[in-house]
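The following features are taken from TrEMBL:
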- 6-25: transmembrane segment (TRANSMEM)
- 32-49: transmembrane segment (TRANSMEM)
- 61-81: transmembrane segment (TRANSMEM)
- 93-110: transmembrane segment (TRANSMEM)
- 130-148: transmembrane segment (TRANSMEM)
- 207-227: transmembrane segment (TRANSMEM)
- 247-269: transmembrane segment (TRANSMEM)
- 290-311: transmembrane segment (TRANSMEM)
- 323-340: transmembrane segment (TRANSMEM)
- 347-364: transmembrane segment (TRANSMEM)
- 379-400: transmembrane segment (TRANSMEM)
Amino acid sequence: MTPYGTFTFFLIAFIVLLPVIILGFLGKRSHIYNGLSTLFMIELIFSSTKHNFFDQPLLSVAFVNFIIYVVWQVLIIMYYWKSRFVKNTFSKFFMVITLSILPLIIVKVMQSSLLGTAQIKFHESKVVELIGFLGISYVTFKSVQLLMEIRDGSIKEIDHWKVVQFITFFPTISSGPIDRYKRFVKDDRVAPSGEAYRALVEKAIHYIMLGFLYKFIIAHLLHVYAITPLLMDLTGFTAKWLYMYAYSLYLFFDFAGYTLFAIAFSYLYGIKSPQNFNQPFKAKNIKDFWNRWHMSLSFWFRDCIYMRALFFMSKKRLLKSQFAMSNIAFSLNFIIMGIWHGIESYYILYGMYHAALFIGYGYYERWRKQHPPRWQNQFTTVMSIIITFHFVAFGFFNLFRETVLKHRRNLKVWNLKHKY
């Protein structure tokens, strides 16, 4: 069952969380019930009538994969935590990071359209359908971030059950937001007071209502009355231009709506998961955009890829220019982000596109310092927002170009089947 995809999911989730809410109003928390409710909701999310054991949808292949994956990650994390005092070498750190991301790499390669008809099958099912699970990327990000913080020494204490709770926290399991271990544990250890919890519930209700508006009304209307009609004839320049606008807005409202649901249900557990969107289409430049769009992912890449690459190059003094090293780190950051979306060329080009935007804006900032603007007013601000939006929307259109074409083909096939 897709998280936050149907009203049935919300009904079941509210019933399951009812004891959590009641205890929250009393200023109490049951870690045992929280764990059991999380286990049930994860079973529900991964349930499958096609790929399961003993014809039990709740005992799905994806659920078993997830359990194995969690055990794998916890073993890696606890091994590194206990062995770091003996010999915390870079080679050991590299080994545990590689082992942590290995399942994700396998899934991404198996999912790739580059394999085409060569995709390995087992009992008429693609192997990738039997080895992965929804949200493997975001769970991996949590594990990698935790390993990096252990490496840095910023984690002072760790508990394997807290690690399990952190990795398996169901509200954010499929698409984030990506939380940080220390922040999560701080919220989880001490239950908020009844008054503080009531404030969280009020925010949760607000986010749920706003999420319904975003995902089930605005995004739905954009899909039905803009995207679908435009896909039927996407040949002219005007149609492509309009589709670029419609799809960019749809992508935001659909994803932001999901995120609001995830944060709301986190709040019901008394966990203040981080915000993920902050009016991204009001960004005045590309750097501002990535500080507003999918913020938990953007900050994860900044901290785990960009900052570490820049620190390594600075420490080794690979280049004299800090600006040049920063540009290389930006390029690496966004290319890896593109590869994370998929190993197809258009994903990699998307990463390179945003790297070029970042680097280009960096040169523009340097030029602006030497040539201050003669005037700065509301008009120039609006123009900055419009220009930034168009650069971003153009990237979205090209990133999901293959998805667009696939949807277009499916629509044409559907219309042919239902023509008479």
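Just so you know, glycine gets a Cβ as well, placed from its N, Cα and C.
Counting Cβ pairs closer than 8 Å and at least 6 residues apart in sequence, the transmembrane segment (247-269) and the transmembrane segment (379-400) reach three or more and so form a contact. The stretch in closest packing with the transmembrane segment (93-110), judged by the count of Cβ pairs under 8 Å and taken from 32-49, 61-81, 347-364, is 61-81.
Against the transmembrane segment (379-400), stretch 347-364 has more CB pairs under 8 A than any other of 32-49, 130-148, 347-364.
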